[in-house]
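Chemist: Positions annotated as domain 'DYW' by TrEMBL: 773-852. The repeat 'PPR' annotation in TrEMBL covers 172-206, 273-307, 343-373, 374-408, 444-478, 575-609, 610-640.
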Amino acid sequence: MISLYQWLKGLVEVKCGEGEGFHGDGDGDARLCGPNYIIACKSDNQLQIVERRPTRLTFSPTPSEPQISLTKSPDPSQIPKLCINGDLEQALNLLHSSAKHRLPVDEDSFVALFRLCDRRRAAPEGLRVYSHARSARTLLSLRLGNAALSLFVRIGDLSRAREVFDRMAERDLFSWNVVIGGFAKSGHFDETLRLYARMLRASVRPDVYTFPCVLRTCGGIPDQRTGREVHSHVVRYGFASETDVVNALVTMYSKCGDAGVARRVFDGLNVRDRISWNAMIAGHVENDEHFEGLVLFIEMRTLSVEPDLMTTTSVVSASKSLGDARFARGVHCYAIKVGFWIDVSTCNSLIEMYCGLGELREAEKVFARTGAKDVVSWTAMISGFEKNGYPDIALELYERMKLEEIAPDEVTIASALSACAELRHLDMGLEIHELARNRRLASYPVVANTLIDMYSKCRCVDKAVDVFKKMREKTVISWSSMVSGYRINDRSFEALKFFRKMQASAKPNEVALVIALSACARIGTLMCGKEIHARALKTGQSFYGFLPNALLDMYVKCGRTEIAWSHFNAHANKDMTSWNIMLTGFAKQGHGDLAIGLFNRMIKEGLLPDEVTFVALLCACSRSSMVDEGLEYFDCMRRVYSVEPNLKHYACVVDLLARAGRLDDARGFIERMPVRPDAAVWGALLNGCRIHRQVSLGEVAARAIFELDVKSVGYYVLLCNLYADDGRWDEVAKGTVHAFLIGDESHPQMKEIEAVLRGFYERMKGVRHGFLDAMEASKAEVFCGHSERAAVAFALINTTPGTRIWVTKNMYMCGVCHDVVKFISKVVRREVTVRDAEHFHHFKDGKCSCEDEGYWDRYTS
């Protein structure tokens, strides 16, 4: 037996570097030095190994004879075995170690790793494998590429999937199907169609898996033209009898809005499975053919095809649209019978069904019995209460939802904002807007459009404009919402300006046209209204929906009753609103006889008058001095037509009597009213007193008015006119409100007023070029009257310096008046507020709050 010392000495012949080789002292101690290790042998036959660097050699001597074994290098061939055993971590470690030692890893190992990551949906691990594969190979083989494609599509990493696809040396049908299916499922419809076209150019024949993906894409866009082309490919390649493909065709045509073609495809299907029936039933329901959908459901049951959850959901949705609560309860019972009522999606559909029918108590019962309520459940209830006129309860539910820590989605946010808009609840609207920003939901069109509506109704149009400007995707609803926002805030000029911008960016829909016509009617811009009418005729919209009545209203309010009358007679589908608009037009023009004739024609045609009809009729009689006829119509309201008089009707009767000079009868009528008169009723009496110069009775009416309403300037103007017409200017001057009429120079301080204005005009000539020309041109501004200048000058004469001046006028402020008041506010350092027919103008330090919006034709300075 040899000793370790001897064995070690003769173990190996090496080419030694400095400090390397065998070293012995003759006493049984020796050491073998290498570049990575030192092996020491002691005299007691013990072996010790000391590392210089991480060693790759280990020794296992036996007592009889020393043994040595090298630490094995990584063996990449073991990776597939580890993957078969499901040991992903060890397989990845081995892959990493092999790469570190620059050992080649074969394709089988990478394929095994990709498939294991695919089964486990292990995204980070899959990316590590792909990193190694990409560094080891410039191009990917078919087998390896398909494995990587399948993984990345499954985990939703489409950019990586596309990279793999492009690096593949060759591709088969599976490769194309995987990548097309991945992009289609993720909603990248345009890219899906591009890949499909590229597949055909590569002469790859589609199969039964390709067509459903591509057809679903066509339906998702929707793009029926491309869908028809794909349909022709289905026939050409012989898949027209494949049930899965035909089901996709039915869905595609339904999503594209052509339920008729979808039904023909369905009827031509020889073998129908449950998916076929569900696709066609859903197609009818989605295209508002609810009755046809229910009939098909009954046919399905007749053929003993068992419905599933999707069938039940579609039937419930169809039941809502029929408007039959009894039938809806029957569908609810059916859902319970077949056992789907416990599923949250069915419960959500039932909630929406009952809310759509106005059966909120039934909806609450279903909601209370829903076990695992999700965000759709809460949203259905919030939206249901909001749409049924209970915005306060909708917001209470929203607060409860927050306490349950259910994260809202974009529809929840939109429903809550709609409730805030109805309640004019700005504070909560701001809070929800902030939440939407934090959750990155504010950019969704449905949220942004509702924010515009909410801010507009809360009188914060500037905030609505900010939301609109930040929208990346402005839809026709977005534009219409902004036009409506300006209109409901009495900024009709800006509404029409915005409408013109809209025409350059989006095709106005019926809603936008109606709002624009309303703005035209508000400010009397007949030419603009005619332009919109011409556009409606060109697009074929003028005889449908709300547009005919909007056109009728515009012509009436612009004073063109003859055009309105022609339009009224040409309108085939007249409703009650049409008749009321025409009656109102005759009333405003003082054509009582025409109004009565139209009323009689309406009765003959079998229409029943409503409250608005009698307001218009009584106004017509009042302005035509047809007192007896008016009183007779008021008497027959309740007796003949069962219409209960309200305060507007009482005000009309008072106006009827007061205008005719029967002031005592008017006062007696007020005293006999079964309800407490409001300011409008007394205002009608005050106006009659002004007409007939009955100051004492007018003062009685005024005192009654100011007990009820101290904010409305119009009543102060009426009282001032009463005193002015009677020559009692001392009484006019006692109040805090003073009236200046167009062309009226009878005011006792008119000379002082004109002197003050001349002083300002002289100063403006020195600093404003073209001022005199502008003054001369302003005389043609018949819709202004320029009375606000006199009102401001009067206030400067009769108030202490620094006092804020308030002016209200019932016409529009022209550009010259606007600049004159701006100049005055700068010179005298006072704040002046002028409320004209369209805006509040707040003047301070030579600037106006409107930022000169709408005054484009001012003279240049």
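A Cβ is built for glycine as well, from the same backbone N, Cα and C atoms used for every other residue.
Automated prediction, rather than curation, is the source of TrEMBL annotations.
I'd like to know what surrounds each of these features in this structure.
Modeler: Within its own chain, the repeat 'PPR' (172-206) is flanked in space by residues 142, 145-146, 149-150, 152-153, 156, 158, 161-162, 165, 213-214, 216-218, 220-221, 223, 226, 230, 233, 237, 239, which lie at least six positions past its ends and keep a Cβ under 8 Å from the stretch.
For the repeat 'PPR' (273-307), the predicted model reports an average pLDDT of 94.
With DSSP classes pooled into helix, strand and coil, the tally for the repeat 'PPR' (343-373) is 23 helix, 0 strand, 8 coil.
For the repeat 'PPR' (374-408), the DSSP counts in helix, strand and coil order read 26 helix, 0 strand, 9 coil.
Listed by sequence, the residues of this chain that lie at least six past the ends of the repeat 'PPR' (444-478) yet keep a Cβ under 8 A from its Cβ atoms are 410-411, 413-414, 417-418, 420-422, 424-426, 429, 433, 436, 484-486, 488-489, 491, 502, 505-509, 511-512.
If you look at the repeat 'PPR' (610-640), the same-chain residues 6 or more away from its ends with a CB under 8 A from one of its CBs are 576, 579-580, 583-584, 586-588, 590-593, 595-596, 599, 602, 646, 648-649, 652-653, 655-657, 659-660, 662.
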Chemist: Using a Cβ-Cβ cut-off of under 8 Å, list the residues of the same chain that are 6+ residues beyond the ends of the repeat 'PPR' (575-609) and lie near it.
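Modeler: Here the qualifying positions are 548-549, 552-553, 555-557, 559, 561, 564-565, 568, 616-617, 619-621, 623-626, 629, 641, 643.
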